[in-house]
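Engineer: Below is one structure. I have some questions about it.
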Amino acid sequence: GNPELPTAVNITWSSINFKTILQWQPKPSGYSYTVEIHGQTTDTKKKCISTAETECDVTDVLRNVKETYTAHILSVTSSGMDNFEEPPFAVSEKFTPYSQTVLGKPEIQNYTQKGSKLNVVFQDPLTPYTFPNGSFRSIRDIFQDDLEYKLYYWKDQSSGKKAATTKSQKFEVSVDSTKNYCFYIQGVIPSRRENRNGQDSMVLCTSVGRTILDEYGAEVFIIVAVIAIAIITLAIVLSVILCKRQKAKAAREKEPLNGV
């Protein structure tokens, strides 16, 4: 090979819901890169041949998600792949999609708070892999019983969280019927040692039975109360003044006229 060509450094795997991108450095100048994916039991596959980029989407060659792969990033010249000499290359860390891909955000489809029950329905994240009919496989289709979800929920404007777990696509938890609740969902693979918890869904809040105090806080309630007391006090004072004036007027009208 050509020992003078730089080889790739800082090689990383980035994978969410099995969409996997290989990244490295530095930007090539006067040469290019070719990626080889080596599996323990699968044939070597080339990707991003003679690329000037420093990333490569390798999702489609990692279909055997329980296989462990390494990437060889070859530094090649324009004629480097045509001769019998092996070009210089760098080797990545091992990567197993099944145990290392990050679980993406679940999509919340519907939620209701009726009485003392909070119901949340959500959808599994999809993967780039398809069934024979062309529909996309979800992470549940791949992980099956290894996948579960956690619901984290708390009273609106409170910091105390509770958690519930399910292997289905819905939650039903008991709540205080007089309070509103906020919540989010997270996928979990309990069998993993690392990357057990997935990304959080968006946070949503119910709005059943929301009071003015819930909406605006205690400060506004106190201000309104002070204003109300001031108005009542002013009304009482004005009533007393008017009453005294009426009594004084009536007393003057009953006095006899002078000189009669």
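Placed from the backbone N, Cα and C atoms, the Cβ positions cover glycine too.
TrEMBL labels come from automatic prediction, so no person has curated them.
Quick paste from TrEMBL:
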- 3-79: domain 'Fibronectin type-III' (DOMAIN)
- 101-207: domain 'Interferon/interleukin receptor' (DOMAIN)
- 220-243: transmembrane segment (TRANSMEM)
Engineer: DSSP on the domain 'Fibronectin type-III' (3-79): how many residues come out helix, how many strand, how many coil?
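Structural biologist: Breakdown, helix to coil: 3 helix, 41 strand, 33 coil.
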Engineer: Could you give me three numbers for the domain 'Interferon/interleukin receptor' (101-207), the DSSP helix, strand and coil residue counts?
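Structural biologist: Secondary-structure breakdown of the domain 'Interferon/interleukin receptor' (101-207): 8 helix, 56 strand, 43 coil.
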Engineer: Please work out the mean pLDDT for the residues of the domain 'Fibronectin type-III' (3-79).
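Structural biologist: Value for the domain 'Fibronectin type-III' (3-79), mean pLDDT as a whole number: 94.
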